[in-house]
Amino acid sequence: MSAAPLDPRGHGDPDVDGILARASFADDGLLPAVIQQHDTREVLMLGYMDREALRRTLTTGRVTFWSRSRSEYWRKGDTSGHGQYVRDAALDCDGDTVLVQVDQVGVACHTGTRTCFDADHLHPVTGARPAADEGPTP
């Protein structure tokens with residue numbers, strides 16, 4: 001992972017200014033943050049971070065988001081007790097999305113489900129990988 005990892009006891013030493021310089025925030029100043037359970041790799045939720053929320057996430061060991069609807073910082077679990085504790089973080093190849101691996105306490109979704117992706121399965125047509133001898137499809 002490209003970001004310096006934080007150890008579970010909060011002893012990470014990330015180059016936060018360097019990470020913020022590499023991050024590519026959108027015109028609205030936000031960066032999508034994919035939140036994933038560190039041990040199962042289950043995707044829990046998607047939130048948004050501005051520079052300060054990313055800084056707080058990398059330096060405190062707790063995930064901090066920017067609320068687009070309330071225009072304020074928030075941390076999962078501050079009211080519910082269902083906290084997200086940072087285990088690792090990485091920017092994607094373009095620097096325009098951050099993956100934060102967490103130790104999730106309780107449920108991640110405000111609806112009371114484990115993830116925010118439990119309710120609305122879209123049932124897409126599934127694809128199949130071509131056989132090894134077929135090569136790529138033109």
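We number each residue from 1, going along the chain as drawn.
Glycine too: its Cβ is placed from the backbone N, Cα and C atoms.
Residues annotated as Mg(2+) binding site in Swiss-Prot, with sequence analysis given as evidence: Asp92, Asp94, Asp96. Annotation comment: Swiss-Prot describes Cys93, Cys109, Cys116 as Zn(2+) binding site, evidence class sequence analysis.
Counting every protein chain shown, 7 other Cβ atoms lie within 10 Å of the Cβ of Asp94 (Mg(2+) binding site). Long-range C-beta contacts of Asp96 (Mg(2+) binding site), restricted to its own chain and to partners at least six residues apart, with a cutoff below 8 Å, comprise Ala23, Ser24, Phe25, Ala26, Leu31, Pro32. Close to the recorded Mg(2+) site, the chain also has Ser24, Leu91, Cys93, Gly95, Thr97: residues not among Asp92, Asp94, Asp96 whose Cβ is within 8 Å of the site's Cβ mean position. Note: the CA-CA distance between Asp94 (Mg(2+) binding site) and Cys109 (Zn(2+) binding site) rounds to 27 Å. Cβ-based neighbour count (10 Å, all protein chains) for Cys93 (Zn(2+) binding site) stands at 8.
Of all the Cβ atoms in the protein chains shown, 18 others lie within 10 Å of the Cβ of Cys116 (Zn(2+) binding site).
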